[in-house]
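All remarks here apply to the structure that follows.
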Amino acid sequence: MTESSKLIQYDDGYLNKTPIFQFVLLSCLFALWGAAASLNDILITQFKSVFTLSDFASALVQSAFYGGYFLISIPASVVIRKTTYKLAIMIGLIFYIGGCSLFFPASMMATYTMFLVAIFSIAIGLGFLETASNTYSTMLGPRKYATLRLNISQTFQPIGSASGILLGKYLVFQEGESLASQMAQMTPDQIHLFRLQMLQHTLEPYKIMICILVAIFILFLITKYPKCKVKEVANNQNTPKVTLGETLKYLSGNSLFKKGIVAQFLYVGMQVAVWSFTIRLALDLMPHINERMAADFMVISFACFFVGKFIANFLMTKFSVNKVLLAYSIIGCILILYVAFIPNLTAIYAAVAISILLGPCWATIYAETLKSVEKKYTETAGAIIVMSIIGGAFMPAVQGFVSDMVGSMQFSFIVNFFCFAYIGWYFYYKMKLENKEG
């Protein structure tokens, strides 16, 4: 093996080149959590009708999902620090498989709470996967391409998201009138049987997911991965390792890191809220369509998300990251105002178009926030950034609450305006810092 073809890990954990197969396999994990998240959008619409829920109560699907992320991120980072990224990923896959399996007893018990438990279990697995995979993606190659690698990995997510929506559209949603319209014509006994039948349909996509997850688990088991950990200096046995307490103290005093955490919290909350209620918005503004037809708007949304990432990746080769994301944020604010205040069908298409602007946000905020942290604190810092995904539990509930209070799903989209406005300010602030340092 020549020196140029040999994989070399530097002292800071980065590599001299990217191992292609390992990087692609790692990137496939991004599609897996994209599929899980988009299936939640299907479940919210399905459960609202089947269990007769308010918009706020139906949004608890996302609260259970992203709450699991929040609780497990720090424990996952501890596993990564003490072992390897690969082991954390495999633990995550095991929890993911277990959570999908819980949909079987949940469909038999036919209670909303049991479904939330299953979703929470999946989220624990995804917390391990995201905590490990986001940082690992940045490490699998030269340092200067860290942000680009993460953006490339993130392009797999909308593929998974679109796949999840298509599975839900054809396996969960059925032909005919909307669920609410069908149930309005039934007796109480018929409604009970109909609900049980509809809940059985929720099992179908998770059967497929289990098969895919087992295959991915086996591939990870037999594939050799570099550790990508900071090398300890020789003969440094007397040098104490950085403790969790020291790390948290350092991060709490890092102003730029904290601003990035807020930006990521609001971004995730906005993305999840927009996607959670796009189908509901379509059903409200187009009452003649059913859930299966309305799901098409989510498929288009994920396609827009995918395109938005590629456009941003190209623009980032011409302009600074901060300028690109500032421009995206301004356009996003305008589109959200259009959705909230224009009372016709074009508001649905504006809601779909918002996904173009969401494309590069997570990966860019993640990588840029991580850059503000010293390398020895990376694992815990990455976990805390993933913990900011709790915004996905909070903002949909806020939007659902606003919708219930004012009686307008369309107007409730205004909640997301304030999220995009802060993200725009964050990148404006970073652009000013960049100009001062430049």
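Placement of Cβ uses the backbone N, Cα and C atoms for every residue, glycine included.
In TrEMBL this protein carries:
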type	residues	note
TRANSMEM	20-39	transmembrane segment
TRANSMEM	59-80	transmembrane segment
TRANSMEM	87-104	transmembrane segment
TRANSMEM	110-129	transmembrane segment
TRANSMEM	150-173	transmembrane segment
TRANSMEM	205-222	transmembrane segment
TRANSMEM	265-283	transmembrane segment
TRANSMEM	295-312	transmembrane segment
TRANSMEM	324-341	transmembrane segment
TRANSMEM	347-369	transmembrane segment
TRANSMEM	381-402	transmembrane segment
TRANSMEM	408-429	transmembrane segment
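Contact check: the transmembrane segment (150-173) against the transmembrane segment (295-312) gives at least three Cβ pairs closer than 8 Å, residues 6 or more apart, which meets the contact criterion. Through the fold, the transmembrane segment (408-429) approaches residues 55, 259-260, 262-263, 266-267, 269-270, 273-274, 277, 280-281, 284-285, 321-323, 325-326, 329-330, 332-333, 336-337, 339-341, 343, 347, 351, 354, 357, 361, 365, 395, 398-400, 402 of its own chain, all at least 6 residues removed from its boundaries and within a Cβ separation under 8 Å. The stretch in 20-39, 265-283, 295-312, 324-341, 347-369 that contributes the largest number of Cβ pairs under 8 Å to the transmembrane segment (381-402) is 265-283. Put simply, of 87-104, 110-129, 295-312, the stretch with the most CB pairs closer than 8 A to the transmembrane segment (59-80) is 110-129.
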